[in-house]
Amino acid sequence: MESSSPHHSHIVEVNVGKSDEERIIVASKVCGEAPCGFSDSKNASGDAHERSASMRKLCIAVVLCLVFMSVEVVGGIKANSLAILTDAAHLLSDVAAFAISLFSLWAAGWEATPRQTYGFFRIEILGALVSIQLIWLLTGILVYEAIIRIVTETSEVNGFLMFLVAAFGLVVNIIMAVLLGHDHGHSHGHGHGHGHDHHNHSHGVTVTTHHHHHDHEHGHSHGHGEDKHHAHGDVTEQLLDKSKTQVAAKEKRKRNINLQGAYLHVLGDSIQSVGVMIGGAIIWYNPEWKIVDLICTLAFSVIVLGTTINMIRNILEVLMESTPREIDATKLEKGLLEMEEVVAVHELHIWAITVGKVLLACHVNIRPEADADMVLNKVIDYIRREYNISHVTIQIER
């Protein structure tokens, strides 16, 4: 028996007897000292700096939202305006969305553990589910109160205070739009390519190959983010170099997705604040038109619920382990079958641990004369380049 142990890999070769009837070669790679999960704690200092900047901006956005939400709750009660309270409920949904984005960035630095081998990203989904239930409860209470007021017609609304609070909200939203929009508008300007392979974060390869006298061979590959390729020839190097720029660009867009989502939330809030201002101005002008406040309440309640639909859909799809909507599994399989060395693809599974953290596993049958290592890297390169799935497990079969 011969063994070789590089820093992050372990290779064992076993020869049975004096013949080559059976040979087992196992190569494995783990992230750090723990089972590999989705921890990005090994990322370069540039990535850590960018993540820190994004977290700082989202923290400021959360604080501003909480301050303004408190002002709206107090102002809504004093003005007796359900529209303002509904806007406060909408702000709560934004706070939840910002907090989830913030947690996502924070958890990116957590280490996976032997028990939590995928890390702690699923907490993000559970937190989002709880926050949505709270938002639906508050919105339901406000809609019920609006209907009661429409029926009884006993409430009085302070239009001036309603207008003032909404105007303050518009100012806060503009500040947040400038804060978040700066990064949104410049997210494309800081990409650098490096020619050193150890900078390419495409996770490793685990290959298990069995050679029997029945000429039956299996290969397993496991990839997820930090690839130090000790290449199997020039073809592998060319494949990885070819897609490096494209993958880097996609990763850059992915890192900015949280701030872009927050930016869109703020734009929606600004429109709603303008609506409340108009309603407040109408009631300020003519207090008898207080029904405008109730109309705004019902309309904004629909908006609040509408903003959570996409959220709840994503949550259910993750919990059901559905194939993410942005990935066409049929097209992906077809792309693999178009490779001349590939005969068949089966047991194809694509799912997500949380939104944006996608995994893929499948079995790939190849031609008897094909080079298993070359096909392995070719398949992984295709999946990373075309679908930006960095956590990949492939089993090669003949």
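Each residue, glycine too, has its Cβ placed from N, Cα and C.
As recorded in Swiss-Prot:
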- 57-77: transmembrane segment (TRANSMEM)
- 78-89: topological domain 'Vacuolar' (TOPO_DOM)
- 90-110: transmembrane segment (TRANSMEM)
- 123-143: transmembrane segment (TRANSMEM)
- 144-159: topological domain 'Vacuolar' (TOPO_DOM)
- 160-180: transmembrane segment (TRANSMEM)
- 182-232: region 'Required for zinc-binding' (REGION)
- 187-202: compositional bias 'Basic residues' (COMPBIAS)
- 264-284: transmembrane segment (TRANSMEM)
- 285-290: topological domain 'Vacuolar' (TOPO_DOM)
- 291-311: transmembrane segment (TRANSMEM)
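The stretch with the most CB contacts under 8 Å to the transmembrane segment (160-180), chosen from 57-77, 90-110, 264-284, is 264-284. Only residues 6 or more beyond the boundaries of the transmembrane segment (123-143), in the same chain, are considered here, and those with a CB under 8 A from a CB of the stretch are 82, 85-86, 89, 92-93, 96, 99-100, 103-104, 107, 297-298, 301, 304-305, 308, 311-312, 315, 318-319, 354-355.
For the topological domain 'Vacuolar' (285-290), the residues of the chain that approach it from at least six positions outside its boundaries are 155-157, 159, judged by C-beta separation under 8 angstroms.
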